[in-house]
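What follows is a short report on a single structure.
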Amino acid sequence: MRLHLIGMPGAGKTTLGRGLATFYGTPFCDLDEEIVRREGRSIATLFEQEGEAYFREREAATLQAVLAEHERLVLATGGGTPCFHQNLDLLLATGLTLYLEVPVEELVRRLVRAAAARPLLANLPDPQALETRLRETLATRERFYSRAHLRCTGTYSVESIQRLIMHYQTTG
Ligand SMILES: Nc1ncnc2c1ncn2[C@@H]1O[C@H](COP(=O)(O)OP(=O)(O)O)[C@@H](O)[C@H]1O
Ligand SMILES: O=C(O)C1=C[C@@H](OP(=O)(O)O)[C@@H](O)[C@H](O)C1
Ligand SMILES: [Mg+2]
């Protein structure tokens, strides 16, 4: 299994990715965690000390390294991963790429307490500002996300995603 999860922050890529990797018995990689491990600094610190362009460069390089290192893999990308450099073409060419589409209202509910660790969503004054930021971000990213091989919309579980993948693999 070579499965790549893409989608907005809060979509559940990291959480679901772990579950799917356990289900399939494959290694799991969270791209953000791998960048942190290699750089020895948190995502927030990387953005603060080096800026977004540097982060995107490290993100692209780490993605290439991780994909080259693993044959079987469930990969949770960061929300911006498919939207920079040649990352999306690489993801599509090397594994089944699944877009987790979650309504913005639900992303807000999930991220209100988890925005601080996400520099592009941090320091916003209230949930309304978070919602506006997420809507603006999604508007620029949808054209990338929508190129995924598969899209999962609404509520999902490891089992429902596994059925979706099986259906895709048997029907093409
Ligand atoms: N299916 C889900 N239902 C409700 N909350 C979820 C779900 N998946 C993830 N979360 C919560 O949403 C937040 C973001 O999840 P995470 O897996 O880090 O998303 P991502 O990696 O896509 O940004 C976490 O607090 C997590 O516990
Ligand atoms: O949307 C983005 O550009 C980002 C999303 C984050 O990952 P999650 O989608 O796992 O939150 C992380 O890569 C970084 O903060 C940038
Ligand atoms: Mg994540």
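Just so it is clear, glycine is given a Cβ too, placed from its N, Cα and C backbone atoms.
In TrEMBL this protein carries:
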BINDING   Gly10, Ala11, Gly12, Lys13, Thr14, Thr15, Arg118  ATP binding site
BINDING   Thr14  Mg(2+) binding site
BINDING   Asp32, Arg56, Gly79, Arg141  substrate binding site
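Structure coloured by features recorded in TrEMBL.
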{"residue": "Gly10", "record": "ATP binding site", "CB count, 10 Å": "25"}
{"residue": "Ala11", "record": "ATP binding site", "CB count, 10 Å": "23"}
{"residue": "Gly12", "record": "ATP binding site", "CB count, 10 Å": "19"}
{"residue": "Lys13", "record": "ATP binding site", "CB count, 10 Å": "27"}
{"residue": "Thr14", "record": "ATP binding site", "CB count, 10 Å": "18"}
{"residue": "Thr15", "record": "ATP binding site", "CB count, 10 Å": "14"}
{"residue": "Asp32", "record": "substrate binding site", "CB count, 10 Å": "23"}
{"residue": "Arg56", "record": "substrate binding site", "CB count, 10 Å": "17"}
{"residue": "Arg118", "record": "ATP binding site", "CB count, 10 Å": "17"}
{"residue": "Arg141", "record": "substrate binding site", "CB count, 10 Å": "17"}
In which DSSP state, out of helix, strand and coil, do we find Gly10 (ATP binding site)?
coil
Identify all same-chain residues not among Gly10, Ala11, Gly12, Lys13, Thr14, Thr15, Arg118 whose C-beta atom falls within 8 angstroms of the centroid of the ATP site's C-beta atoms; report them in sequence order.
Gly7, Met8, Pro9, Leu16, Ala76, Gly79, Leu100, Arg110
Specify the nearest of the binding-site residues Asp32, Arg56, Gly79, Arg141 to Lys13 (ATP binding site), where nearness means the distance between Cα atoms.
Gly79
If you check the binding-site residues Ala11, Gly12, Thr15, Asp32, Arg56, Arg141 one by one, which have a CB less than 6 Å away from any atom of ligand 2?
Asp32
Rounded to the nearest Å, what's the C-alpha distance separating Asp32 (substrate binding site) and Gly12 (ATP binding site)? Just drop the number here, would you?
13
Cα of Thr15 (ATP binding site) to Cα of Gly79 (substrate binding site): how many Å, rounded?
13
Cα-nearest neighbour of Ala11 (ATP binding site) within the listed binding-site residues, Arg56, Gly79, Arg141:
Gly79
How many angstrom lie between the most widely spaced Cα atoms of the substrate binders Asp32, Arg56, Gly79, Arg141?
18
